[in-house]
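Trainee: TrEMBL lists these features:
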TRANSMEM  6-29  transmembrane segment
TRANSMEM  41-64  transmembrane segment
TRANSMEM  76-93  transmembrane segment
TRANSMEM  113-134  transmembrane segment
TRANSMEM  146-168  transmembrane segment
TRANSMEM  180-199  transmembrane segment
Amino acid sequence: MLPEYALNALVTLFVVVDPIGITPAFLSVTHGLPPAVRRAAGYRAAVIAGAILIGTALVGNWLLARLGIGLPAFRISGGILLFVIAGEMVFGIRPAREARQAEQAIEEHARNIAAFPLAIPLIAGPGAITATLLLAGQTKAEPAPLLTLVGIIIVIAVVCAIAFVFAGRVARLLGVTGNVVMSRLLGVVLAALAVQFVIDGGRAAFG
């Protein structure tokens, strides 16, 4: 059961965060910065985003309980949110929106680009936080799956850092067409995962 959970968590977070797909937005935000400063911003953004998602995984269930929100309800609402994000990916809306948000944020917060907009919302956006909460709920606060989720978040953060370091090469390698195709394929996968979250939530609530 643990290997199945680990695979599901890895695929879900990788698809939602989309480390490869966010490299164009990273390049847009860090345009004009010296290479060393750009790399430092990428590293810091990955660390900050990883810390946010790990914190979400560790205290998310406690917070939901304090707010009186049941996990089935959150699975349904979270699944719907992820499905909307998947639709944006499939129809090419998400990359354009992220680029606009990144450009606006860099004008307003030029000194803090690692935290905003790189870490939030580029990496640890609403979709990633929602997915982390849903995955944390599946652990039932058991140490083994919870530690597995934390480890997967660290892996995703490392992949983001590597993607940022080699962002220029990745963009040239994939090109515009490659990025579009990958984003749409990942969107289809995310849509299927989102529907499954809604089904699981419905079964738990009404079954």
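Every residue gets a Cβ built from N, Cα and C, even glycine.
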Trainee: Who are the long-range neighbours of the transmembrane segment (76-93) in its own chain, taking Cβ under 8 Å and residues 6 or more past its ends?
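Mentor: Beyond its ends, the transmembrane segment (76-93) has Cβ neighbours at 16, 18, 21, 126-127, 130-131, 133-134, 180, 183-184, 186-188, 190-191, 193-198, 201-202, 205.
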Trainee: Is it the case that the transmembrane segment (41-64) and the transmembrane segment (146-168) have 3 or more CB pairs under 8 Å, with pairs at least 6 apart in sequence?
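Mentor: Contact confirmed: at least 3 Cβ pairs fall under 8 Å.
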Trainee: Can you tell me which parts of the same chain pack against the transmembrane segment (6-29), counting only residues 6+ beyond its ends and a CB-CB cutoff under 8 A?
Mentor: 42, 53, 82, 85, 89, 95, 98-99, 102-103, 105-106, 113, 117-118, 122-123, 127-128, 131-132, 134-135, 145, 148-149, 152-153, 155-156, 159-160, 162-164, 167-168, 170-171, 174, 179, 182-183, 186, 189-190, 193
